[in-house]
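Swiss-Prot lists Glu12 with the feature active site, proton acceptor. As annotated by Swiss-Prot, active site, proton donor applies to Asp197, with the evidence given as sequence analysis. Sequence annotations record features per position, and here Swiss-Prot assigns substrate binding site to Gly78, Ile152, Met173, Glu174 based on sequence analysis.
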Amino acid sequence: MKVGIIAAMEEELTLLVDRLDNCEEVQLGHCKYYTGQINGVEVGLMRCGIGKVNAAIGTTLMIDKLKPKCLINTGVAGGFINEMNVGDIVISSSVRHHDADATAFGYELGQIPDMPSEFQADRRLVEMATKVNLKSKARIFEGPVFSGDSFIHTTEQVENILKNFPQIMAVEMEGASIAQTSHLFNIPFVLIRSISDKVRETKSADTYTQSMEESAKNSVQVVFEMVEQLKEGM
């Protein structure tokens with residue numbers, strides 16, 4: 001069983017790298033790629049960089065090098081629903097672009113031509129993630145995650161996304177490209193994102209800066225528990 005784990009930033013990946021046995025590091029273009037074992041499971045860790053293009057490149061490199069049985073995207077996200085607190089976890093039920101628009105040709109808003117309108121996360125991976133017992137007070141939610149190449153922090157941005165996608169639970173900048181690449185290569189995936197800021201609040205960028213590193217620890221804990229479960233396969 002080989003598991004691919006992808007994060008955008010070093011801060012989102014460091015705790016996982018520290019737990020790797022027999023760790024080897026390789027630079028692949030702009031991406032840092034680590035291989036080794038966690039709890040006896042062979043894993044690849046990829047720091048892909050921020051944004052959808054970087055994420056697609058990193059995911060493709062990961063698939064080519066590791067040939068994983070599944071992909072997990074870990075990191076942080078902005079929360080859209082009021083019940084969520086900073087540090088809570090969102091497990092993706094589905095993932096979608098919020099900044100794609102080919103509606104002139106009959107596609108849904110957020111749909112890339114010739115792609116599904118949204119990418120469904122693997123139900124087995126979702127169920128594994130949602131059943132994890134966190135050691136912290138953080139809660140686990142499941143719902144739609146949306147991606148775009150902008151940090152969402154203004155009232156105008158928030159209102160525009162809510163108008164078009166009222167079902168949104170969280171927003172970030174890589175997941176839809178990771179999901180789309182996984183879809184193209186027919187590899188099961190799931191996003192595990194910890195809430196670093198609440199986008200409807202003022203100064204969400206400040207909250208992100210202050211809480212990002214601590215919030216990322218919660219998503220990493222879910223990943224550790226999932227890897228343990230994946231010892232038995234999917």
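Using N, Cα and C of the backbone, Cβ positions are placed for all residues, glycine too.
Quantities reported herein were computed from a predicted structural model and do not represent experimental measurements.
In this structure, the residue listed as 'active site, proton acceptor' is part of a helix by DSSP. Cα of Gly78 (substrate binding site) to Cα of the residue listed as 'active site, proton donor': a distance of 5 Å. In the three-state DSSP assignment, the secondary structure recorded for Glu174 (substrate binding site) is coil. Looking only at other Cβ atoms within 10 Å, the busiest spot among the recorded positions Glu12, Glu174, Asp197 turns out to be Glu174.
Other residues of the same chain near the substrate site, with their Cβ within 8 Å of the Cβ centroid of Gly78, Ile152, Met173, Glu174, are Ala77, Ser147, Gly148, Ser150, Phe151, Val171, Glu172. Here the C-alpha separation of Glu174 (substrate binding site) and Glu12 (active site, proton acceptor) works out to 13 Å.
Here the binding residues for substrate are Gly78, Ile152, Met173, Glu174. Their largest Cα to Cα distance works out to 13 Å.
The two recorded residues Ile152 (substrate binding site) and the residue listed as 'active site, proton donor' have their Cα atoms spaced 10 Å from each other.
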